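Visitor: Please see the structure below; I have some questions.
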Amino acid sequence: MTLFYGTELASRLMLGTAQYPSPEILTDAVRRAGAGVVTVSLRREAAHARAGQSFWELIRALGVPVLPNTAGCHTAREAVTTAQMAREVFGTNWIKLEVIGESDTLQPDMFALVEAARILTEDGFNVFPYMTEDLVGAERLLRAGCEVLMPWGAPIGSGKGLNNLFGLRALRAHFPDVPMVVDAGIGVPSHAAQAMELGYDAVLINTAVARAGDPAQMARAFAMAVEAGRMAYLADPMEERDMAVPSTPVIGQAVL
Amino acid sequence: MAEQTAFSPAAGPSVLVRGAGVSGLTAAVTLAERGARVHVHEHGARVGSGASWYAGGMLAPWCEAESATREVTEQSLSSLDWWDAHVPGVTRNGTLVLAPARDVREVARFGRRTSHFSTIGEAGITELEPDLADRFSTGLFFAGEGHVNPRDALAALAARLVDLGGRITFDVPRTAGTGGYDWVVDCTGIAARDQMADMRGVRGEMLLLRCPDVTLHRPVRMLHPRIPIYIVPRADHVYMVGATMIESENAGPMTLRSMAEMLGAVYALHPAFGEAEILETGTGLRPSFPDNMPAVRREGRHIHINGMYRHGFLLSPVRAADAADIVFGNG
């Protein structure tokens, strides 16, 4: 059982809610995915005077735990303010903390991330930090009070899959007891299965589902892949070898 | 167009149309053509005081299939002809879809989701839009599409309605009574939000530029994974650039971020846009239902045409016909 700040999720697939062709298709995708969490971004212009109310009500009506995020924030201060608005709007202490440091790769700013995580944790938030797979950064985030880590697979929306397998393996191995979610960069279900086979506790997908030709069907495909990957991890996969090992024993075979 | 009227005006049903945006005026004209006595109440001081004023006016049934359901394309195929028959200035030069070199895969994706286009290379792009020569290696050309200036089109529809014997009254308070008519057709867009629990507003921001240095003959859609834009030519080297899609009901002024992103994309289309004058920025709320599909809903003798989302000019003629079928007993 994996607990995210004391909560067990109904599914290890987390789904973002942006970029769908319509709220109806989003709802369909969330249902078919059986998503354990939905993330929602709080844009400034929507937060102002609660102008995003209608869309947020649609999100709440999904009946799935909501993880608000600070997407689009470029400074710690901006992220902290957005997190505080999100807590007010959604009535949850959970926050996916995103502080963008570079505009081409949308790479997280690890320094601002640690700073914002410390402020928010002290303020009673449960922070899910969107981070690179950096081991030292992970250590600092844990020290800042994070109990969950969310390393990227690849840049947001790139669909490149797990760019740094070595780094993700190392991160998993270094912090075996910390719930970890691969967030961002996953393009197809096999990428999600791969993350789960590595022992990650969940994956977070948005673009790969929302921008698919048939988002609901893609959501289902991801749900199956996440389940397959998790089962494979628990089943203790075989080790890779450089030489063939016959699956049929040679010794004792009849010589014809 | 009185010869299209089946019976004398006095014999037709009386209809109050609320709202003189694209939904209201297409409905009013369609009803009047079928013989209804139409009176339009407009809350604002002119036609199109809501989201219609900020529309792109692209009549692009096939391009819309990139993000909309198949129904949008199927239902809107007739709308280009409808506009051509009802207002002057419909341009049928097609649509050009392009992407900056590093996002050229977006063109392939757009092509997979759509139909009725030809894939063209540098020579083809230059032939269509000489000013874009040497700037793009591949694009999609949707020859069958068109565009119209929404503000001129609304004014033309209003004039046509008056020709048909209809009336428009401006500056009518929202609380004005609707009694005394056979039918009420409510086309008030986002203002009907309180009456429709499943309606939400989707914020859209647009810009008008004047750029004598660039000539374009048709709408150009610039694809980008994060900031797709379209640029629609109006008369006299004026260009409409649109539009953001934000799940927010804040109708306040355009943000710097949206403007910077949109202008960056325009600049990428042609650097000469750097010299363009910014004539206007605008923000509107697209009235939208959960499936983002425009709907006709009836309660007794009260009909709502609403939820145009981003398909006002594309689908309002079709919804107007659906509403008229109800009024004339065919629906």
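Cβ from N, Cα, C; glycine included.
This is the feature table in TrEMBL:
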- A:LYS96: active site, schiff-base intermediate with DXP (ACT_SITE)
- A:GLY157, A:ALA184, A:GLY185, A:ASN206, A:THR207: 1-deoxy-D-xylulose 5-phosphate binding site (BINDING)
- A:5-249: domain 'Thiazole synthase ThiG' (DOMAIN)
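Mind mapping these onto the model and telling me what they sit next to?
Guide: In this structure, A:LYS96 (active site, schiff-base intermediate with DXP) is part of a beta strand by DSSP. Residue density at A:LYS96 (active site, schiff-base intermediate with DXP): 26 other Cβ atoms are found within 10 A of its Cβ, drawing on all protein chains shown.
All protein chains considered, the CB of A:THR207 (1-deoxy-D-xylulose 5-phosphate binding site) has 19 other CB atoms within 10 Å.
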Visitor: Out of these binding-site residues, A:GLY157, A:GLY185, which one has the fewest other C-beta atoms within 10 Å of its own C-beta?
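Guide: Taking A:GLY157, A:GLY185 as the binding-site residues, the minimal 10 Å Cβ count falls on A:GLY157.
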Visitor: Average pLDDT across the domain 'Thiazole synthase ThiG' (A:5-249)?
Guide: 92
Visitor: Mind computing the max CA-CA distance among A:GLY157, A:ALA184, A:GLY185, A:ASN206, A:THR207, which the record assigns to 1-deoxy-D-xylulose 5-phosphate binding, rounded to whole Å?
Guide: 9
Visitor: Is there any among the recorded positions A:LYS96, A:GLY157, A:ALA184, A:GLY185, A:ASN206 whose Cβ is under 8 Å from chain B, and which ones, in sequence order?
Guide: A:GLY157
Visitor: Is it possible to get the count of other C-beta atoms within 10 angstroms of the C-beta of A:ASN206 (1-deoxy-D-xylulose 5-phosphate binding site)?
Guide: 24
